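> Have a look at this one before I ask anything.
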Amino acid sequence: MCNNTDNEVTFGPMKLKQKNLSILLVFAKEDAQSDGFWWAADKMGYKCFIAHNAEGALECYLDKHHDVVIIDHRSNKAFDPEALCRSMRATKSSDHTVIVAVTKRIAPEKEEPSVLSLLKAGFNKRIPENHNVNSCINELLCLEYGEVRSQLKLRACSAVFSALDNISDAVQICNEDNQIQYVNPAFERLTGYSAEEVIGKDATEMARVDRNKTDLHDSINNQLKKGKFWEGTYHTRRKSSDVGVSSHCVFSPVLGPGGKLFHIVSVQKTTPDTSYSDRIKEAEYNLANVKLGLPVSFRRRSSGVAHGYPRRRESLAKIHSMTVEAPITKVINIINAAQENSPITVVQALDKVLEILRTSQLYSPHFVQPMKEGDTMTSDLVGGLVSQNVKRQLITSSQESSSVSHSKPVSGHHIHIPNNLLSQMPAEVIEILELEPSWDFNIISLEKATAKRPLVHLGLKAMARFGVCDFLRVDEMTVMNWLNLIEANYHSTNSYHNSTHAADVLHATAFFLTRERNQAVLDQMDQVACLIAAIIHDVDHPGYTNAFLINEKNPLALMYNDQAVLENHHAALGFQLSWKDNSVNIFKNLTRDEYTPLRETIIDMVLATEMKQHFEHLNKFVSCVNKSTLKLEETSSMSGTGSPDSMAIINQLSTPENRSLIKRMLIKCADVSNPCRTTEMCIEWAKRIAEEYFIQTDEEKRRNLPVVMPIFDRKTCSIPKSQTSFIDFFINDMFDAWDYFCDIPDLMTHLQENYRYWKEKSEEEAS
């Protein structure tokens, strides 16, 4: 007996096991042909049964459910082979059974009869009689590796369809002509259409809603025909309404021979809103599973890019599942969960606890008792020795209200832009700058058109758009002189940290400032501070990292005690240059009360760009800003008002503490937004930063210094792998949080496209 052990079958990503073949022979009487199959099955180690009439065959089949049934069709008078086949096919268990007809061998000179009647009866195959045992073995092997394994894969399809029927995401499968072939129950729930109503219909008709762009399906089809995914916002028509339902959707191509598109699979996210308690418990569960000793773990995830409230819910779900664990966030999550089943007095007390825990200065004293009148000694000690931040807390509310007013936010869309200096720019530069409000603005084109002086030109445009001259009460010439001086102190020889990078961060900052929520929360002083911080945030960058400067005992590292060396230098130099000469001093007309908070904000934002504090800033933002917003949304929802109280949310976000966290996150996202740019820009920036790191590694090796980033060896480095790691470790979580806060769907789409690009390039390198 020869056992066939090659029983593992691959079906896409599935690994299937082919059990030992079971065969039923149906012959009215045993003869050389039935014996041939019997001995062939015995030699191959197959299970073999034989029946001599239709009743016995049907009874045996219903009991054993054989893989293969071989029926004698050679002028059989004892039973009707085709009637027997139809009877077997009428049973539920026959869907994946291979039924074969053994027919008489036809002489070469005779005409071959049609097999149509056999196929209509339910036979899968016809085998001409040949009782040679080796010939029968070959026939059985062909059946096992052909029809039987195909049926095994079809059985696996049943499992896949069962899974599709029970998932919460809406799934639609179409042919290459966009005709719908399958929808799952989640799709029916999402759209209100039953499967019977849509199968066979044109899928593009389901997407004919006003909110979809007219060329949306052309864009999708172009991607699919290239064998690429499409991911983004998609609106599907509902049966009960003309308004489409918005969701995050992924279209996947299924390619056949020659790369031809055979099927289109779309998956629409329909994750239901869970209660606040459920999300907190889920977050607690995820946090508890972080591996000990690892401050952060990461994984590849899809970023939601649908518009509106449902998409922000999806982003928030990702925030709750973030595994960036810090002790304070774990404490906050535990308190949130404990509030669920507590009496109202306990809930209110815990709310006060949470309010305290969500401040960034947990160990800074807050003087709640007023100073004794005339106690100048204590007052002077506090004023002279305690931090400036604490001293400001002593000011009474009436004094605060009489100081710098909280100016009305400037939208950035209705500011009159002076024409004198801007109009004197070259026509090519003016044309490029017309696209400045768009996220897809091409900073490299501006770099080329301005001979590597993009910061002055973009700075003038952006600062005019936000009314910076009016706020600072300086003329445009002073601003231009200041921009020229700052740009001159960027190193044009750096491949990455040059004035083009500063201009790119300025552009991203200006774009973020125009998002609706930022306009509602940040005042004009905040906006001006954000723009100035972006402009100076890397001034005089030497092209080396903080670790390099510390290792070489650079004077800057010694000056700043190895703490945020470059960030301290950028902030300090930015102000030193500004005060150097009256012709460049953009702060010269501000009062002390105006200048002091502006300076503090700028310094705070520049220092926030230090990556050493990345996860601390992210955790604070998520805990204090996003989760507080969620709590207000939940409270509003439970109170039956129907939509979150926007004023309550804005008031909560507008506290000085939260505004500081928002501005830090804004500049951090602007500083590392390269993976969210167009793929062309993303690739260019990746090459530039890699080259700068290569130079540092070369210098470290030449001078026998510790190699800070060994992976950036120009001989061995994989730029695609470095980019996917950077996105996984730093970018995904941060931009999920920022997306939830201020709604940036275009950036999230670019991020997913670029991640796929780098992943594909990485796989190509590995193959």
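FYI, residue positions are counted from 1 along the chain as it appears here.
Using the three backbone atoms N, Cα and C, a Cβ is placed for every residue, glycine included.
Those TrEMBL annotations? Automatic predictions, nothing curated.
The structure displayed is predicted, hence computed values, not measured ones.
Marked as active site, proton donor by TrEMBL: His497. Under the heading AMP binding site, TrEMBL lists His497, Asn498, Ser499, Thr500, His501, Asp538, Asp671, Gln723. The Zn(2+) 1 binding site annotation in TrEMBL covers His501, His537, Asp538, Asp671. Positions annotated as Zn(2+) 2 binding site by TrEMBL: Asp538. The domain 'PAS' annotation in TrEMBL covers 163-227. For 418-765, the entry in TrEMBL reads domain 'PDEase'.
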> Please report how many Å separate the Cα atom of His537 (Zn(2+) 1 binding site) from that of Ser499 (AMP binding site), as a whole number.
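Checking the Cα atoms of His537 (Zn(2+) 1 binding site) and Ser499 (AMP binding site) gives a distance of 10 Å.
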> List nothing but the one residue from Asn498, Ser499, Thr500, Gln723 whose Cβ has the fewest other Cβ atoms within 10 Å; the candidates are the binding-site residues.
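If we count Cβ atoms within 10 Å for the binding-site residues Asn498, Ser499, Thr500, Gln723, the smallest count is at Asn498.
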> Relative to the mean position of the Cβ atoms of His501, His537, Asp538, Asp671, the recorded Zn(2+) 1 site, which additional same-chain residues have Cβ within 8 Å?
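Output for this site, in sequence order: His497, Ala502, Val505, Ala534, His541, Thr609.
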> At the level of the C-alpha atoms, what whole-angstrom distance separates His497 (active site, proton donor) and Asp538 (AMP binding site)?
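About 7 Å separate the Cα atoms of these two residues.
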> I need the most crowded of these binding-site residues: Asp538, Asp671. Count other C-beta atoms within 10 angstroms of each C-beta and give me the top one.
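Result of the Cβ crowding comparison: Asp538.
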> Neighbour count, 10 Å Cβ-Cβ cut-off, for His497 (active site, proton donor): what number do you get?
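Summing over all protein chains shown, His497 (active site, proton donor) has 22 other Cβ atoms within 10 Å.
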> Let me check the 10 A CB neighbour count of His501 (AMP binding site). How many other CB atoms are there?
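Around the Cβ of His501 (AMP binding site), 25 other Cβ atoms lie within 10 Å.
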> Across all the protein chains here, work out how many other Cβ atoms are within 10 Å of the Cβ of His537 (Zn(2+) 1 binding site).
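The answer is 27.
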> If the AMP binders are His497, Asn498, Ser499, Thr500, His501, Asp538, Asp671, Gln723 per the record, what's the largest distance between their Cα atoms, in Å?
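In whole numbers, the farthest two Cα atoms are 22 Å apart.
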